[in-house]
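Below is one structure, written out as structure tokens, with a few remarks after it.
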Amino acid sequence: MDLTDAQRFAFDALDLIGAFAFAVSGALAAVRRGFDVVGIAMLACCTAFGGGIVRDVLIGAVPPAAFHDLRYLATALVAAALIILWHPPPRLAGAPLDAADAIGLGLYCVTGTVKALEYGLGPVPAALMGVATAVGGGMLRDLLTARTPSVLRRDSEIYLVPALVGASATSLVTVAGAYSWWTASLAGLGAIALRLLALRFHLRAPLARGGRDRTEG
Amino acid sequence: MDLTDAQRFAFDALDLIGAFAFAVSGALAAVRRGFDVVGIAMLACCTAFGGGIVRDVLIGAVPPAAFHDLRYLATALVAAALIILWHPPPRLAGAPLDAADAIGLGLYCVTGTVKALEYGLGPVPAALMGVATAVGGGMLRDLLTARTPSVLRRDSEIYLVPALVGASATSLVTVAGAYSWWTASLAGLGAIALRLLALRFHLRAPLARGGRDRTEG
Amino acid sequence: MDLTDAQRFAFDALDLIGAFAFAVSGALAAVRRGFDVVGIAMLACCTAFGGGIVRDVLIGAVPPAAFHDLRYLATALVAAALIILWHPPPRLAGAPLDAADAIGLGLYCVTGTVKALEYGLGPVPAALMGVATAVGGGMLRDLLTARTPSVLRRDSEIYLVPALVGASATSLVTVAGAYSWWTASLAGLGAIALRLLALRFHLRAPLARGGRDRTEG
């Protein structure tokens, strides 16, 4: 699949906005842990680039865009600088962090899927790659700040499902030849809305039988 | 090295059984930590695919099999579903988790080595790749559930050694032209038996001089 | 860019000394946590190879050198054996660990940059790749021993900056055609000196506004 110029512009715009959002979430997580300014910039970059680097390595698009397309580095560093200059008190950073993470999650599940399709993957593998792109950066951020990733925790609202819905929708519309600025944005906004609704109304996935009787052992 | 149809069948069977076993171990680890059903499915997939994805990326076999061969995803999701429907109480999940992990370890050290040889690596690098394949998924599972990986902990029975023995044996028989369903299974069963014996009889590697005088500092 | 024989020799020497230094730091970190001898060897290898494997995967140089060039494995295992036979008491391992880590950091930021340039990356992406090479192994070591990586912690002396300075200097001199044994060593020694000075005089990056009011939330 080859992208037209308009489709390429839509891809770049959504991917850079996603990188900005994830960089903000990484910078806020760093602020919450009291990291210094270098640690904040570093965690912003790891969060913004983590998912995309994993995707690019897995589809063979090396070196990854985050390394040779310097707009990504500039975007992440601007986000980190903004958070260094202005951020909520660390104990109130949770809500904006979750919101920024939701935006990154929604946009990356779209762009991850599109780039995988562009590199010749089938619709189902491409959607899986979109999910990996969407959750990869956040998982790295959580590992590096010693938190169990949201995508796994029982006390966290559904996280994987919005990414899966957005990636599947993107894969479907693209394979149907209807990929455009509007459909891509719609899929991304749908995934973001789903994640924000899950956060707002505390939608959680069910536990396995006996899951309540847990021991940390 | 090219595989015959029979050798390919043996490879696929052992690799899928290994994926199933690792998916079970990941799902049990998720149950033990009280993750919800999405978290269980996610951790089952990460554990089942982690080692193979690392191997495929390192030998240049991208996109990795776990993404384009959907039998792997189906296998991991079936394993997760079975554990969601039926599992021991979380505090008793340790022994079945260790057993499933031993099966995955033993089979992946064989298939990891064979695939690396197939991609043109020499016998020693291929055996190292087999070890990385065998221990990779379990390390990812342990990192994602905030445990120090078994392969490293002092209070854990030998883990790397069975993988190293199985991978070396596989590399030797394959280079000698004796790779077949039987020799591959034998190498895998040998590694599994070694790991289970280590667990049963608490075989541990020696500590370094002064290791007893540890501080966590 | 093609390396002459003399440049290749300089590259190999610096890269292997860096691998040795990182292996020592990994082995000492393992001793400090009371790992057994297999865990010590394993963590030495992960630390020594981590950054280089990440770099090689990202620039498409697969299988990574650490797998097919067995001098790296031999170097890491010799370092692990030396630390197993002789090491300070675990509670005093911090200072030699930091010194070994500084040497690895300084040399890997040089060799990482040079290898990326050799594979056709531009000067800025190559310097970023050098930084990723330099900090990758140490981050993996810290994750595997359940510590927040030094590159992120607020109470740690500047870590990323020496790597960035060394990688940028290497990129500049190489693009200017002045890459040689002497300039490469000088860039490496400069980065090492900067890191050791930071440790000695407790040079830390500033905190973000309000960073003092942190909660671990």
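Using the three backbone atoms N, Cα and C, a Cβ is placed for every residue, glycine included.
Bear in mind that the values here come from a model prediction, so they are computed numbers and not experimental data.
The domain 'Glycine transporter' annotation in TrEMBL covers B:13-87 (among others). In the predicted structure, the domain 'Glycine transporter' (B:13-87) carries a mean pLDDT of 93.
As annotated by TrEMBL, domain 'Glycine transporter' applies to B:100-172 (among others).
Feature annotation from TrEMBL assigns transmembrane segment to B:12-31 (among others).
Within its own chain, the transmembrane segment (B:37-58) has Cβ neighbours under 8 Å at 15, 19-20, 22-27, 29-31, 64-66, 72-73, 75-77, 79-81, 83-84, 104, 108, 112, 115-116, 129, 132-141, 144-145, counting only residues six or more beyond its boundaries. As annotated by TrEMBL, transmembrane segment applies to B:37-58 (among others).
As annotated by TrEMBL, transmembrane segment applies to B:70-87 (among others).
What TrEMBL lists as transmembrane segment is B:124-144 (among others).
As annotated by TrEMBL, transmembrane segment applies to B:156-175 (among others).
Residues or ranges marked as transmembrane segment in TrEMBL: B:181-199 (among others). Within the same chain, residues 6-7, 9-11, 14, 98-99, 102-103, 105-107, 109-111, 114, 134, 157-159, 161-163, 165-167, 169-170, 173 sit at least 6 positions outside the transmembrane segment (B:181-199) and bring their C-beta atoms closer than 8 Å to a C-beta of that stretch.
Contact check: the transmembrane segment (B:12-31) against the transmembrane segment (B:124-144) gives at least three Cβ pairs closer than 8 Å, residues 6 or more apart, which meets the contact criterion. In terms of DSSP helix, strand and coil, the domain 'Glycine transporter' (B:13-87) has 63 helix, 1 strand, 11 coil.
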